[in-house]
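Here's the structure we're looking at; comments come further down.
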Amino acid sequence: MAPQAWVVAENGEDLQRPREFVPLSELEDVGVLYWHLDPKKSESEEELAKIRKDRGYSYMDLIEICPDKLENYEEKVKNFFREHMHPDEEIRYCLEGSGYFDVRDKDDKWIRIWIKEGDMIILPAGIYHRFTLDSAKYTKLMRLFIGVPVWTAFNRPQEDHPARQEYVKNVSAGTGFALAAH
């Protein structure tokens with residue numbers, strides 16, 4: 001199973017109707033990893049535990065993004081949609097609801113990834129991205145971290161940031177993204 005992903009405009013609107021879907025291999029080319037787990041099945045708990053162990057994710061928390069559950073909702077969703085990068089991976093496992101992660105491809109175009117219940121996505125350190133809810137206006141996400149969580153976002157441009165430079169080097173060389181997903 002692969003996520004639905006397609007190219008969107010700078011402002012986040014769909015460019016094409018019907019959508020022209022982007023293959024999972026194109027996401028992998030920019031370092032995005034994807035799994036589909038069923039949050040209602042115990043076998044998925046074992047698979048999640050293995051992913052966490054293999055990748056060193058020692059901390060997790062939950063966030064519900066919707067107007068009546070998230071404090072300062074309007075401000076936070078605006079911040080989530082502002083183009084940014086992190087010096088660490090961004091790991092999200094969708095337990096309920098759905099939303100969109102937009103990531104930059106090799107040509108600096110936006111690829112929209114629609115995550116739904118059971119989808120787990122890892123964005124590499126240094127990738128420019130943004131997040132927004134879909135029309136359902138609700139998602140519950142598990143956030144995973146290596147060690148103590150750090151939520152520092154660096155808004156674009158950040159071409160001199162070490163994580164961004166490492167990311168660009170890895171994408172250009174086609175290497176550096178360990179432990180591929182399935």
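For all residues, glycine too, the Cβ spot is worked out from N, Cα and C.
Summarising the annotation, TrEMBL assigns Fe(2+) binding site to His84, His86, Glu90, His129. Sequence-distant neighbours of His129 (Fe(2+) binding site) (same chain, six or more apart, CB under 8 Å from its CB) are Glu83, His84, Met85, Glu90, Phe101, Asp102, Val103, Arg104, Leu123, listed in sequence order.
TrEMBL lists His84, His86, Glu90, His129 with the feature Ni(2+) binding site. His84 (Fe(2+) binding site) is surrounded by 19 other CB atoms, counting those within 10 A of its CB over all protein chains shown. In the three-state DSSP reading, His84 (Fe(2+) binding site) counts as strand.
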Chain-mates of His84, His86, Glu90, His129 with C-beta within 8 Å of site centroid, Fe(2+): Met85, Leu123, Ile127, Tyr128, Arg130, Ala153
